[in-house]
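Asker: Attaching a single structure in structure tokens format; questions to follow.
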Amino acid sequence: MSRMLWVHLALLFVTLLYGANYTIAKYALPEYLKPLAFISVRLLSGTILFWAIDSLQPREAISRKDHWLLFRCGLFGAALNQLLFFEGLSRTTPIHGSIMMTMSPIAVILIASLLGREFLTRRKVIGTIVGFTGAVLLLTRHGISLDEGTFTGDLLILLNGTSYAIYLILVKPLTHRYRPFTVLKWLFLYGTLIAVPFGIPQLAEVSWSTLPLSAWLSVAYVVFATTFTVYLLNAWALQYVNSSIVGIYIYLQPVFATIVALSLGQDHLEIQTVLFASIIMMGVYLVSKQKR
């Protein structure tokens, strides 16, 4: 098989892993691990894994300028991204969360356009408006309430997608200068230094000895599947394709998330949700469609 086929298969596998994450993570969140405790475990584990494996390879020197870029990648791609995701997921449903995340490809292209890396066409502007309309309809389908319903959770997932979009754009040049493990070990170290101090109080509240097997398996999946495997495959893929291509695969997440959530009885599907999701998908299609 060609390298590009392997790249797209890797991105499809990443989408499957992350689609399942919306349901699997909720077996531990928030009943057994609060959001800050969960992301602290995830970041600490990821840091240990990436540093341990990279230690088996020749050391790569990082320039001072790139350390600043890696710090920003750690902020948007690990610390802020994960805080928004787990806080959001604890307040919404797996299907809703995955649908809101599909706004990320639009954010990737808009931010890339502002940075001069993508050209903003009329079609992309229309697509952004359509996608944003679908997101607003989904957010406000039961009214706007910060205390009940899924509004706050959906909004946090939307912001998480924006943070992840910024990360994809920032990390792209680094993937051409360094090995994936070199990038990821520093990215996770900086993310850990930023986020874990805020998570220590919640970590202290966790009763590790009484965690059920389902919670342990949930944590293991998040660490090894959606942290180690997902970040590694994305970093590898970014060596060969643009940030916007990686971002586009996110719009498949609701498909996998819905299948897993319904199969495990963790969510239900409503006609309104399908309708508003279709509007978002149309916006993503318009933004992402390449001109022939």
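Using the three backbone atoms N, Cα and C, a Cβ is placed for every residue, glycine included.
When I checked TrEMBL for this same protein, it listed these features:
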DOMAIN    6-139  domain 'EamA'
DOMAIN    152-288  domain 'EamA'
TRANSMEM  35-56  transmembrane segment
TRANSMEM  68-86  transmembrane segment
TRANSMEM  98-116  transmembrane segment
TRANSMEM  125-144  transmembrane segment
TRANSMEM  150-171  transmembrane segment
TRANSMEM  183-201  transmembrane segment
TRANSMEM  213-233  transmembrane segment
TRANSMEM  245-265  transmembrane segment
TRANSMEM  271-288  transmembrane segment
Asker: Between the transmembrane segment (245-265) and the transmembrane segment (68-86), are there three or more C-beta pairs closer than 8 Å, counting only pairs 6 or more apart along the chain?
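Answerer: Contact between the transmembrane segment (68-86) and the transmembrane segment (245-265): absent, because fewer than 3 Cβ pairs are under 8 Å.
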Asker: For the domain 'EamA' (6-139), jot down how many residues DSSP puts in helix, in strand and in coil.
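Answerer: Output for the domain 'EamA' (6-139) reads 105 helix, 0 strand, 29 coil.
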Asker: So what pLDDT does the domain 'EamA' (152-288) average out to?
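Answerer: Its mean pLDDT is 87.
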Asker: Could you give the number of helix, strand and coil residues in the domain 'EamA' (152-288) as assigned by DSSP?
Answerer: 119 helix, 0 strand, 18 coil
